[in-house]
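J.: Take a look at this one; I'll ask things after.
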C-alpha cells in the first residue's frame, strides 16, 4: 500500500474509487459552492446520493454509489461539524473499510482544506493503515481480502514528509500489536530480547540486555523474585536511541513486560481472564513499538527504552505469598499478593531509569484491574507529581486519539502499603487500587519528573473500534512518539 500526496482536484481525478469528506455545513440547506461544481459535473449524482441516503455527514458516516465513466465508486464520509485530527483519522478509517469491501485497487481521498495540512495527511495515513491492518500469522486459511494498493491524498501536495512520518509511526504501532496479540508460547522473554536485537541492528540503536546473573549483581531482587518460577530466563532490555547531534533533552520510557501472568501462587481462577494474560506485556510492546518509530524518525532527543521481561509462573522455586524481596534501591517489599507482580518488576526498572540522568521518565503498564473499573476499556490512567509532564502527556494523547485521564497521587493512601515486617507491601486495600499501585511505584523513582500510565484497558479490544480492528490496539505508541517529539 502506497500513499501519494497530489494537487489534483476531485473533479479532475480519474480512477477506481473517490472518497469525499464532508462537514455538516457543506451539505446544509444547499450544497457548498465546491460541491455544486462537482454535482454539475456528475449530472446531479452527488445531490441525489445525499438526499436518497439521508446522509447527514455525521462523523464516520458513509454512503456510496456508482458514478460510471472515469470513476467507478464514490464514497461520501461524514466529518461532523468541526473536525479534529482524530475525526479525520476515524473518517479515513471508515473510507478504508468501504474501499476494501469494494475491492478497490486505487483510492483517492479528499478532505476540506485546513490550516494544518500536515496533520490531515498524517491522520489519513494513520487511519487507513491502522484500519486495514490484519494479523493472520496463526490462521491456517488467511483472509485474502485487502485494501487499495494505491492511495492518493488530493489537495495535499507537498506533504510527503508528513506521510513518511505517519508511516514510521504506524510501523511502531503494528509491531506493538503483533507482540501483544501473539500467545505466550510465541512471545517469551527470549523472543522479546530477540526483537530488541533486531531493532538495534535495523535502526542503529544501542542495546544492553541484563541477564539474571547481572540483575542479581545489581541487586534487582524484585524482578528476580517474580522470575524465579519460570523455566525461561528473565531479560532486562535497555535500548537507547542517540541522535547524531547534541540531544535537546534525554528521556526514559519504561514498559512492564510480563509475557504471561498466571498470578503465581495467588493464581488467577476461573473467570479471571487468565487466557488473556499474554497481553500483560502491553507496556513493553508499546515501548518497543515506540523504539521502532523513534529509530525510524530520528529526532534530536535521546531516548532510553527499558523493559524487564519475564513470566509470572508457579513452581517449587516460585515466589511465595509473604516473601520479602529487596529492590535495587535497598527498599524491602512484603509480597502479600503474587498476582501484583508487575509493580515488582517495574520497581527495579524505575531505579535503573532513575540512574541514567534523564530529564523525564514515563512508565506504562497493564497494571491494575482497578483502573479498568474506574475508567473503562478505552481510557488509560495517568499519575504524575509533575504538572508539566502530565500536561505534555495529555496533549500527546489527545493528538494521537489515545485517551488519558489524570488521577491523584493521594499520599495518605500510602499508609495502606505499609508493612509491619518490611518497608512496603506490594498491595494495599481494595479501594483505590490503581492509586496505591502508582504510589508504590513512586517509592522507587527519585526523579520529580516522572509519570505512570496504567494501560490495562486500552491495549486490547474485543471488538472493532474505529481504526482498531478487534484484538491488540498498539495503544501507547503514538502517544509516546508525540511526547518524545514535542
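Each Cβ is built from the backbone N, Cα and C atoms, and glycine gets one as well.
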J.: Among 261, 387, 388, 415, indicate the single residue that Swiss-Prot lists for the Mn(2+) 1 site containing 339, 341.
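T.: Of the residues offered, the record points to 261.
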J.: Record says 256, 261, 341 bind Mn(2+) 2. Source is Swiss-Prot. Which of 280, 323, 363 does it list for that same site?
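T.: Swiss-Prot names 280 for this Mn(2+) 2 site.
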J.: Which of 256, 268, 343 (the recorded positions) has the most other Cβ atoms within 10 Å?
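T.: When each Cβ's neighbours within 10 Å are tallied, 256 tops the list.
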J.: Which of the recorded positions 268, 339, 343 has its Cα nearest to the Cα of residue 256 (Mn(2+) 2 binding site)?
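T.: Spatially nearest to residue 256 (Mn(2+) 2 binding site) by Cα position is 343.
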J.: Go through 261, 280, 339, 341, the listed binding-site residues, and name the one with the sparsest Cβ surroundings, counting other Cβ atoms within 10 Å.
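T.: Output over binding-site residues 261, 280, 339, 341: least Cβ neighbours within 10 Å is 339.
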J.: Write down the Cα-Cα distance for residue 261 (Mn(2+) 2 binding site) and residue 339 (Mn(2+) 1 binding site), rounded and given in Å.
T.: 8
J.: Helix, strand or coil: which one is residue 280 (Mn(2+) 2 binding site) in, per DSSP?
T.: helix
J.: List the residues in the vicinity of the Mn(2+) 1 site, defined as same-chain residues other than 261, 339, 341 with C-beta within 8 angstroms of the site's C-beta centre.
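T.: Apart from the listed residues, the neighbours are 226, 258, 262, 263, 264, 266, 268, 277, 280, 312, 338, 340, 342.
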